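Annotated features, as they stand in Swiss-Prot:
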TOPO_DOM  1-33  topological domain 'Cytoplasmic'
REGION    1-27  region 'Disordered'
COMPBIAS  1-10  compositional bias 'Low complexity'
MOD_RES   Met1  N-acetylmethionine
MOD_RES   Ser21  phosphoserine
TRANSMEM  34-54  transmembrane segment
TOPO_DOM  55-70  topological domain 'Extracellular'
TRANSMEM  71-91  transmembrane segment
TOPO_DOM  92-100  topological domain 'Cytoplasmic'
TRANSMEM  101-121  transmembrane segment
TOPO_DOM  122-127  topological domain 'Extracellular'
TRANSMEM  128-148  transmembrane segment
TOPO_DOM  149-167  topological domain 'Cytoplasmic'
TRANSMEM  168-188  transmembrane segment
TOPO_DOM  189-195  topological domain 'Extracellular'
TRANSMEM  196-216  transmembrane segment
TOPO_DOM  217-235  topological domain 'Cytoplasmic'
TRANSMEM  236-256  transmembrane segment
TOPO_DOM  257-274  topological domain 'Extracellular'
TRANSMEM  275-295  transmembrane segment
TOPO_DOM  296-306  topological domain 'Cytoplasmic'
TRANSMEM  307-327  transmembrane segment
TOPO_DOM  328-333  topological domain 'Extracellular'
TRANSMEM  334-354  transmembrane segment
TOPO_DOM  355-379  topological domain 'Cytoplasmic'
TRANSMEM  380-400  transmembrane segment
TOPO_DOM  401-409  topological domain 'Extracellular'
TRANSMEM  410-430  transmembrane segment
TOPO_DOM  431-459  topological domain 'Cytoplasmic'
REGION    440-459  region 'Disordered'
Amino acid sequence: MDEAGSPAPAGTGGGDDPGGSTRETSRRLSREQIFVLVSAASMNLGCMMTYSILGPFFPKEAEKKGASNTMIGMIFGCYALFELLASLVFGKYLVHIGAKFMFIAGMFVSGGVTILFGVLDQLPEGPIFIAMCFLVRIVDAIGFGAAITASSSILAKAFPNNVATVMGSLEVFSGLGLVAGPPLGGLLYQSFGYEVPFIFLGCIVLLMIPLNLYILPSYAQESDPGKQSFWKLVTLPKMGLLAFVIISLSSCFGFLDPTLSLFVMEKFSLSTGYVGLVFLGLSLSYAISSPLFGLLSDKMPTLRKWLLVFGNLITAGCYMLLGPVPLLHIKSQLWLLVLVLVVNGISAGMSIIPTFPEMLSCAYANGFEDSISTLGLVSGLFGAMWSVGAFMGPILGGFLCEKIGFEWAAAMQGLWTLLSGVSMALFYLWEDSTARRRSKAQNSLGTEEERAALLPNDT
């Protein structure tokens, strides 16, 4: 697409061009756009279900096999580390591989290894079990990294003026996957044992592949990104701060995977099935609130940055209350824990949804062209930074819970989002101040030029 037809600085990334966004939303969705939505929704739902089923029962099962809390955290965390590497590679080479092929292949790998994870309980306890858990999770992460990178790029290409709205709406399906995964996994585990949850959900993902092969459109490959350097993108100051925001939010989610279920079981003596319902508070509120924040981000782009900032600050407060931190002298109660998780889900949607369009706007404002290659780079960066946090969260969470307990560990986790929220607030205030000074200087220069032009006429 040439520069005249490019929605890059304006429409892309959240509706900086209200006119373009209105024209886009006023038209009915094309058949191709509907198919893209169906494909992305099926991937979000299936992969999030397979990702989230581990929470309620795997930590306890791994303990039986001789894994420590730190090792369990590393099993959760290695997924994110290799999703990070996969996102960087696949984002860079999206143009060469092809978005549709990458999407389908990623789903196939993820579904297949999920089934394999279901037979790991047949292995002897100790190093063999732990090593195979790492191996299967690593391959699953590579598959998911491919699928999510391709999905983000396809969505941004199909909906250039409504990225936040579409991604926020699709987070409903991510949320549904996160909502359905833990209770469904816990129920199947209690009823049928370790194998059935993985085999059942792995088969669901594999059954979605023929549908996506048929309906997902193929976008014409463009030229090599060439000068569109990933490192140029990453070294932009605003992009670096946005990356820090993503890492801090992702690490908060990752922190809960190996720690929350054990804390709830020990503190409130809940069964595995009820632990899955506790996870429901976070996932359901995130799924419900995400479309609203996506719509707000596109319709009111100036509000986007403050949604991001306040979402981070609220998330920090939630993690202080999750234990709660002993300094507050508040008794830990189940209703309070669930309430905090619900608020955390809303604040997470407030922070996460505006981030991707902010990244796109930053890239386009700094000379990156509107193309599938740029979308691949931004999608890869988003996925990579999310994976950094998702890698650090479980490992640090498992380690800190062993050393200082869940209450203090959660409070320390909240400091991440507090720091990222304050950093972004300071940057946006500086950015606004700089823009105002530049505007005043331009107005002053224009006035001087007008006066100079009028002087000869007065004489």
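A Cβ is built for glycine as well, from the same backbone N, Cα and C atoms used for every other residue.
Two recorded stretches are said to be in contact when at least 3 C-beta pairs lie under 8 angstroms, sequence spacing 6 or more; the transmembrane segment (196-216) and the transmembrane segment (101-121) meet this definition. Over the topological domain 'Extracellular' (257-274), the average per-residue pLDDT in this prediction is 78. In this chain, the transmembrane segment (71-91) lies apart from the transmembrane segment (168-188): fewer than three C-beta pairs between them fall below 8 angstroms, excluding pairs fewer than 6 positions apart. Using the rule of three or more Cβ pairs under 8 Å, pairs at least 6 apart in sequence, the transmembrane segment (307-327) is not in contact with the transmembrane segment (128-148).
Stretch with the most C-beta contacts under 8 angstroms to the transmembrane segment (380-400), considering only 101-121, 168-188, 334-354, 410-430: 410-430.
At the 8 Å Cβ cutoff, the transmembrane segment (410-430) and the transmembrane segment (236-256) share at least 3 close pairs (sequence separation 6 or more) and count as touching. Residues 68-70, 255, 258-259, 262-263, 322-326, 332 of the same chain, all 6+ positions outside the topological domain 'Extracellular' (401-409), place their C-beta atoms under 8 angstroms from a C-beta of that stretch.
Across the topological domain 'Extracellular' (328-333), DSSP helix (H, G, I), strand (E, B) and coil residues number 1 helix, 0 strand, 5 coil.
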